[in-house]
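Colleague: Have a look at this one.
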Amino acid sequence: DSEEESMSEGEMERLKEEVEEKKKVIAIMRNKPWRMKRRLVHLKECQEFVDKFEGALGKGKGRKFYAYKVMMTKKWIKFQRDFENFKTTCIPWERKIKEVESHFGSSVASYFIFLRWMYGMNMVLFGLTFGLVVIPEVLMGLPYGSIPRKTVPRAEQPTAQDYSVLMDFNGYCKYSVLFYGYYNNQRTIGLLKFRLPLSYLMVGVGTFGYSLMVVIRTMAKNADVGGGDGDDGEFTFAWKMFTSWDYLIGNAETADNKYASITTSFKESIVDEQENQKDENIHLRRFLRVLANFMIICCLGGSGYLIFFVVKRSQEFANRDDLSWYEKNELELIMSLLGLVCPPLFETIAELEEYHPRIALKWQLGRIFALFLGNLYTFLFALFDEVNNKKEYYANFTLYNNDTDTTPPPMDPSDVIRGPCWETAVGIEFVKLTVSDIQVTYLTILIGDFARAVIVRFLNYCWCWDLEATYPSYGEFDISGNVLGLVFNQGMIWMGAFYAPGLVGINVLRLLSSMYYQCWAVMATNVPHERVFKASKSNNFYMGLLLLILFLSLLPVVYTIMTLPPSFDCGPFSGKAKMFDVIMETIDLDLPAFLGTLMGYAANPGLIIPAVLLMVLAIYYLNSVSEAYQHANAELKKKMQMARDEEKNRRNNTESTDQVMKDLEDLLPNRSLLPPAPPPETGAGEHHTFTSNVNEPLAPIVQCR
């Protein structure tokens, strides 16, 4: 201790530098091209040196602060490491997705990553809807049975709790917080004077605003990380061979998963390489692709006509009471069966095109997306056509009730005559479609995948042919069908959440159960694809489809808010000409007059149209700048590649020339074929001539003046 305290300042500084140098060596030890034994020896020596002298530097006068700083630095590094581990642990289903990726490749894992992302987004939408609409109505609004819109009519009460009625979302389900019609039109409710109609409208619009922001932000983040579907650089197989293994793995099961993941990665790269080197008959390929697209367009047109026909038929069934179970659920069954039958049909037709698996997946996704979107919009057009046909009935019913001057006698809410609530009817249709889609999806997995796998597994020993190698074999995970099912379901949630606030909660439960159910199904019943392919570096194609259906889902809701008159005796907007009148009412009654004037100016078309044009010009300018940057990056990559090729050729030429000279020297061991060093400087006019001997015909002759 006395020796350490007697150290001079110069020795202290030198010791600090050595400690810092040892720390740097420890930090870059993994990058050293040494054998593992040598690394461990040097690592142990450096750690012992640091542990010994860091403590010594902390003794004596004026050195306590340094010791405290070293201690806090170590604790901070440890805290950061533990916090990163904690964040990784908190990522939901990360281990399940990694296990799926190790066995089925990144393309199948991308579906589960997309499913997890959608679950997170829907949890936020669930919090907005239930926190600002459902809970305020339950806690501060009028209770059930107090007014007609919150009471089951007396004629329906005997069957209101029947299972068949509840499964059709009628009875007590219809007159609950699940649907639009339950909410009261009081401007303020409760002691807090909560503005429920305004909150309902703002949450409905905010759902689309938040979803749009999240989707665009995720697409921008993926674009920064990904870079599209370009190649991964040179020496792909060398990088995979020598850098794929993780030497920190200490678990046997994890090692098996990593081994399977590396094997799958090699298969993906081999398929990419084979597709890049494939030669094809371009004219035959074009003809087959045109034929395939023509057949798929015919299928899309037929499915759209079938949906329209079934919706019109269901309107005729509405006037009948003696309906069978199939007639009651015909629309939902037809739409679910179309979503179940058409994707495999599209996949069979797509075999004619022989695209790369990644490109074929995108075409398949686009076609199924067109199928789902066409079916959904056909359903909406037919539904809103029915709503428009009932407008005259709404008007006549309202006129009849407003013509009476006398005050009606007090009546029980269940006995009050009420008009039809078209918003609740639309919400019920969306909820039934969602629940029907869940049932069909789960039954398809249970019967089509699990039962098929059980039959193949246990009957293969006593069957006439090999069930595993031939028909029916084990099923493959349908990436395109499952992704489009998610996107289509989310589009129904965005459309239907305005008419049925409880639909968001149903969707959260569906996504939560789907993660566990489908992870189990894919690991237990499916096999990897025969043509394994690598997923894109980003999920922007999925996000692009989601962004498109978000925009298309916004249109019916905006049409409802701005054009259709709300029902007069149900919902938070009853009594108003249009739903957006609640905003004008709030501006007139709650905000200062100058704010109302400013908003009136802001809503002037003379300002909106120039603002839209300015945004379009800004988007065009930014797109042009982005394309210029991409072109510059491509040119820079080409120049870098040319520089690497030139350097490689120069090095190869130098090595080959040196090898030739060495071979000649081996033939003439006593003679050097290298040019001699230049002679020393001589005076002007002197001439030195070096000539070869007669017996040395290959010796060079150099003359210097």
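Quick reminder: no glycine exception, Cβ is built from N, Cα and C everywhere.
Feature annotation from TrEMBL assigns coiled coil to 5-32, 626-657. For 421-536, the entry in TrEMBL reads domain 'TMC'. The region 'Disordered' feature in TrEMBL is assigned to 669-696. Look at TrEMBL and you will find 123-144, 198-216, 290-311, 364-384, 492-512, 541-562, 598-622 tagged as transmembrane segment.
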Colleague: For the domain 'TMC' (421-536), give the DSSP counts of helix residues, strand residues and coil residues.
Modeller: 82 helix, 4 strand, 30 coil
Colleague: Please indicate, using numbers and ranges, the residues of the same chain that are 6 or more beyond the transmembrane segment (364-384) and have a C-beta under 8 Å from a C-beta there.
Modeller: 296, 299-300, 303-304, 307-308, 311-312, 315, 331, 335, 338-339, 342-343, 346-347, 350, 426, 429, 433, 480-481, 483-484, 487-488, 491-492, 495, 541, 545, 548-549, 552, 556, 559, 564
Colleague: Can you work out whether the transmembrane segment (198-216) touches the transmembrane segment (598-622), with the criterion being 3+ CB pairs under 8 Å where the paired residues are 6 or more apart along the chain?
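Modeller: No, these stretches are not in contact.
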Colleague: Hey, which of 290-311, 492-512, 541-562, 598-622 has the most Cβ-Cβ pairs under 8 Å against the transmembrane segment (123-144)?
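Modeller: The stretch with the most contacts is 492-512.
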Colleague: I'm checking region-level scores; what's the whole-number mean pLDDT for the domain 'TMC' (421-536)?
Modeller: 85
